[in-house]
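Here is what Swiss-Prot records for this protein:
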- 29, 209, 234, 238: Zn(2+) binding site (BINDING)
- 269: ATP binding site (BINDING)
- 270: phosphoserine (MOD_RES)
- 31-41: motif ''HIGH' region' (MOTIF)
- 266-270: motif ''KMSKS' region' (MOTIF)
């Protein structure tokens with residue numbers, strides 16, 4: 001089964017064939033580290049971490065690069081407002097970013113380059129563009145000469161005349177064409193700066209990704225990914241810079257994830273309806289948030305609400321409960337019989353369907369449907385009069401494997417027998433004291449942990465469901 005990716009560049013699904021056999025070069029645009037990330041910022045790391053995990057599962061060696069923009073206008077503004085320097089703020093929010101995305105199940109990239117640590121190669125990249133006639137200096141700023149790059153607009157699928165009509169020259173900009181964009185910005189008084197052939201300044205936003213992608217992955221990469229909002233102008237400008245310099249295709253597959261809405265409204269800071277990751281993971285299990293995000297295809301918009309989160313949690317808990325039931329029955333089952341072969345064959349079909357979903361442009365929504373199918377099938381199997389350790393182990397392994405591909409964990413702390421007995425005794429005392437609310441709560445809590453109570457004339461009995 002081959003993998004097909006929807007390529008924003010061609011607007012169609014294409015068979016994925018990497019440049020080098022069994023190797024994938026992947027670049028994902030990272031955050032500007034001036035504040036905590038909100039859930040919209042967190043969708044790309046979760047989505048493309050899952051893409052990476054699936055490619056690794058399929059046997060590819062994935063070189064995954066995701067950058068940090070640790071100097072730009074937003075950081076300078078934050079530094080001025082807080083009375084701190086730019087590096088201090090950047091360091092703080094790099095650390096906060098790692099805490100948030102690690103909680104959400106994301107692995108570290110192969111490399112997390114920072115702009116400030118790669119200034120030499122960025123300046124060199126700009127100088128080469130100037131030498132080739134694709135860039136020009138204007139009073140300490142350096143701009144990319146867009147009209148010289150023939151393919152400008154091919155990612156956003158817009159004619160250059162239309163793009164130029166919608167562009168404008170801002171006050172203080174010294175460019176020749178409204179579509180030209182800054183590669184280097186002359187430093188204003190009091191701003192952080194680096195020395196360059198054009199004077200003191202710092203790089204523009206777009207050039208840094210082109211330079212760092214080239215440094216760590218080469219002239220041509222397999223997959224370039226990011227949020228839908230980056231397609232234009234950021235990724236369009238990356239293509240122009242990189243291909244003007246090298247004369248080679250910059251990225252062969254372009255992937256973009258959809259937006260997030262909050263309670264059916266577009267999330268935006270102006271509306272004040274954005275949710276910070278470090279806040280929401282205090283209220284909800286980070287694994288639930290990831291499961292929720294992956295329950296919708298990555299290219300589609302997703303509506304985020306607490307009601308939908310709770311509904312999704314019910315489904316996730318059903319899968320975890322099935323897994324817990326399987327683990328509990330592992331040691332008390334019989335040997336494999338001919339009848340068990342049918343169950344193993346069905347299990348293989350679910351595995352195949354999961355991979356077919358992921359091969360189809362990483363359709364995690366359909367892949368998660370197969371997780372539900374495995375869990376439901378497992379519950380049916382456990383109702384059989386005779387169950388085999390071999391089959392149960394196969395269910396357990398499959399659930400663990402598929403969850404790992406999605407960056408999820410199945411671990412569920414199981415109550416010890418002594419803990420169950422202690423809770424039952426507490427419930428008995430509550431009933432003696434006519435505290436029926438507490439009694440019912442203990443019963444319901446145990447039921448949620450798959451412990452079934454039965455009140456009899458001889459006392460309370462319990463069993464694992």
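Cβ atoms are placed via backbone N, Cα and C, with glycine included.
Taking all protein chains in view, 17 other C-beta atoms sit within 10 angstroms of the C-beta of residue 234 (Zn(2+) binding site). Look at residue 209 (Zn(2+) binding site): DSSP puts it in a helix. Other residues of the same chain near the Zn(2+) site, with their Cβ within 8 Å of the Cβ centroid of 29, 209, 234, 238, are 205, 206, 208, 210, 224, 226, 230, 235, 237. DSSP gives residue 29 (Zn(2+) binding site) a coil state; it is part of no helix or strand. Counting other Cβ atoms within 10 Å of each Cβ, the lowest count among the binding-site residues 29, 209, 238 belongs to 29.
Across all of the motif ''HIGH' region' (31-41), the predicted model scores a mean pLDDT of 96.
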